[in-house]
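Participant: So TrEMBL lists these for the protein:
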- 1-679: topological domain 'Cytoplasmic' (TOPO_DOM)
- Gly45, Pro46, Gln47, Ser48, Ser49, Gly50, Lys51, Ser52: GTP binding site (BINDING)
- 704-721: transmembrane segment (TRANSMEM)
- 725-831: topological domain 'Cytoplasmic' (TOPO_DOM)
- 764-774: compositional bias 'Pro residues' (COMPBIAS)
- 785-817: compositional bias 'Polar residues' (COMPBIAS)
Amino acid sequence: MEKGSCATQLIDANGKFNVEGVNNFVKSIKLGDCGLSYAVVAIMGPQSSGKSTLLNHLFQTNFKEMDAYRGRNQTTKGIWIAKAVDIEPCTVVMDLEGTDGRERGEDDTTFEKQSALFALAVSDIVLVNMWCHDIGREHAANKPLLKTVFQVMMRLFSPRKTTLLFVIRDKTKTPFEYLEPLLRDDIQKIWDTVSKPVAHKHTPLSEFFNVKVIALSSYEEKEEQFRDQVAHLKQHFFQSISPGGLSGDRRGVIPASGFSFSAQKIWEVIKQNKDLDLPAHKVMVATVRCEEIANEKYMQLASNKSWLELEKAIQAGPISGLGEKLTSLLETFLSEYDSEAVFFDESVRDSKRKDLELKLLQLVYPAFITMVGHLRSKSLHNFKMRLEESLHKGEGFAVAVHTCINSCMLDFDSGCADATIKQADWDVSKLRDKLFRDIEAQAAFVCNEKLSELIARYEKKLDIALSEPVQLLLESGAINTWASIRNLLKHETDATVESLRAAVTGFELDQSAFDNMVQNLHDYARSLVEKKAREEAGKILSRMKDRFTTVFNHDDDSLPRVWTGKEDIRTITRDARAASLKLLSTMAVIRLDEREDNIETVLSSLLDGVAVASPRYRNVGTSGDPLASSTWDEVPPEETLITPVQCKSLWRQFRMETEYTITQALSAQEAYKRSNDWLPPLWAVMAMVILGFNEFMLLLRNPLYLLVLFVIFLLSKAMWVQMDITRDFQNGTLAGLLALTSRFLPTIMSLLRRLAEEGQGHPTPQPPQRPPRPISHQSFKNDHQQSSSVSSTMADTALSSNVTSVDNDPECSSPQLTHRRVSNGDNAETS
């Protein structure tokens, strides 16, 4: 006998449901795999009426049978189940405890009613076992029990269509044709007499039950005939749930996987005397069981190896065909759910399927979002690379950006479509919009960067084009300096703007943006000129001194001046100061705007020493100092480089620092005069002519004296040239005499030796001319040391008188200047 046919107690005599035993029974016969293709057959009837015997012969089960030799007592206690052998579909057989037993007593009919109600609620076919001789009786035919069960069924159950198969045991000689109508009539009377709820007041018996009647011979007296009849009856249980079968029109079937749970809940409700609504119970069973199946499928997917590998791989980067792979996984588990829950209530099944689908989608949603994030990052990166390549190829910026945005967004859309799950309706429009904003932000960043590079390039070009020319123009300090700077600024700025216009054509900038760039370029060029002007203004004192030195020490032909004593140092000094003052007036303010000013006129007072009244002082009727102010008339403060009071201070410092140059010139003139005053004074020459008249006449009367004088003249001339007397006397008379005494005899001896050699016909080669001796020569040093005190006294007298005559401005008189004049005189005498 098959393992599944072994009887298992479903409910014991005390009404306790055997959960573990039933679960093991369901697993052993694999009832859960049957779906709706199973049937439940129960038998009820009086105690010791042969119920278990009939089931064992009919379904080859092993229910415990009564031993007649031990007396007629209760054999089956509670409710037992077993599997029918060799019957398709799978048939579960339930053997109920007999009714009307002496063990429970006359009044203890509660369990009988509960078990009968349980059998009707659970079973598809209920066998009502009864003795043939009890037909027509009240209690023996179970009429009270049937009446109670029908009444409860009408009150608690909705129509389920259970088959009631009345089995008449130990058939007598009374023909079956008479027994069956009688029995049906009794059952109809029971149905008609029970009180019905309003909803089923006119419901016929056939709506709840299919009533069938069969008769069997006595098992004890006609065993062979009994067996044949049972075998014939068994044929009715093959395909019993198919159309035309014993239970072909059944309704509200619980799927096989929920049989154990359903039976347990029905029994609990019956035990608690609670109302039992079969459709509600069906929904409850379907809800619980479908939820269990859904949770099981969810856990299976969560621990699925393919899903875990896919989830791990998606963290590292995008996966091709992700949507198809996830769709396949979800379809697999959803189809498994469908196959396991197909027999449960449709509405509950669909509802739980939707819940399962939602949970599964929530499980894979993070992977989808990660994939979209990868696609977004990849698209943004591709945009950067493609844009850089397009710009490198020389494509216009706006066209390149448009092309790259379209291609990258198409790639993103394609990737999202590839990652889309068939079961999901996830909207990626927000992520797409964010990607588009990020790409636009990146494009704007690159645009600003490229424009900044262009602007920096053209600013550098302006810097190169303006810095040095502006510096040279400012250094020149010419009359049209600022006009030239304005022309240069306009020309270079306009040229740069045109170049910039051509360079930004590919950016497709709007006019306002381009105008803003042009304005910034103009502002930069102007600020560059202003910066250079401020730098040069900081060097104005040095520039003025250089300008003074250049004009003072060079003539109109730009040749260095030689101070011979004929030059008008006063005029030269005034011209040099005027040139420096012109440079100061040029650098006083920024004149990039064609604005008239009187700065040069006001500053001319520094040269003439006469204050020019400013308009602001004229208005108040005073003659204040125009340079005692921190601003210029009609000049904004931001365009002021050197304030009037700073100009006055600079001029004072300039004059003090250029006095040394004037002193040097005066010293040079004095030295030149001394070097050319070695001849006797004119009165001495006249005295010599008058007093030597007689000697002159004597020479005219005697020509021999003239010859001697001529020879002496030649010798003197030769010695003059040989000894370079003019050079020696440039350093002073005393110094010249000392130099001559040291070289006189060597020079005479050299001339006599040369004359002797030429008289013998052996001319001596002309020795090289003596190079100019430096002032630091040792012999001159000794001579100079002896005469330094005399020379310095003479130089001081001359310098003091000349400086006083040239520079009579009281601003230039100071104790420091007096001291500088004395020291400068000493230096000039030494040089």
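Along the chain as shown, the residues are counted starting at 1.
Backbone N, Cα and C define each Cβ position, glycine as well.
Note that the structure is predicted; figures quoted are calculated from it, not measured.
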Participant: Starting from the Cβ of Gly45 (GTP binding site), draw a 10 Å sphere and report how many other Cβ atoms land inside it.
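Facilitator: Its Cβ shell of radius 10 Å holds 25 other Cβ atoms.
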Participant: Which one of these binding-site residues has the most other Cβ atoms within 10 Å of its own Cβ: Gln47, Ser49?
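Facilitator: Of the binding-site residues Gln47, Ser49, the most buried by Cβ count within 10 Å is Ser49.
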Participant: So which other residues, same chain and not among Gly45, Pro46, Gln47, Ser48, Ser49, Gly50, Lys51, Ser52, have a Cβ within 8 Å of the centroid of the Cβ atoms at the GTP site?
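Facilitator: After dropping the recorded site residues, what remains is Met66, Gly98, Asn129.
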Participant: How many other Cβ atoms sit within 10 Å of the Cβ of Gly50 (GTP binding site)?
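Facilitator: A 10 Å sphere around the Cβ of Gly50 (GTP binding site) contains 25 other Cβ atoms.
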Participant: Just how many other Cβ atoms lie inside 10 Å of the Cβ on Lys51 (GTP binding site)?
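Facilitator: If we count other Cβ atoms within 10 Å of Lys51 (GTP binding site), we arrive at 28.
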Participant: Across all protein chains in the structure, which of the binding-site residues Pro46, Ser48, Ser52 has the highest Cβ count within 10 Å?
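Facilitator: Going through Pro46, Ser48, Ser52 one by one, the largest Cβ count within 10 Å is at Ser52.
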Participant: Mean pLDDT across the topological domain 'Cytoplasmic' (1-679), rounded to an integer, is what?
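Facilitator: Across the residues of the topological domain 'Cytoplasmic' (1-679) the model's pLDDT averages 84 on the 0 to 100 scale.
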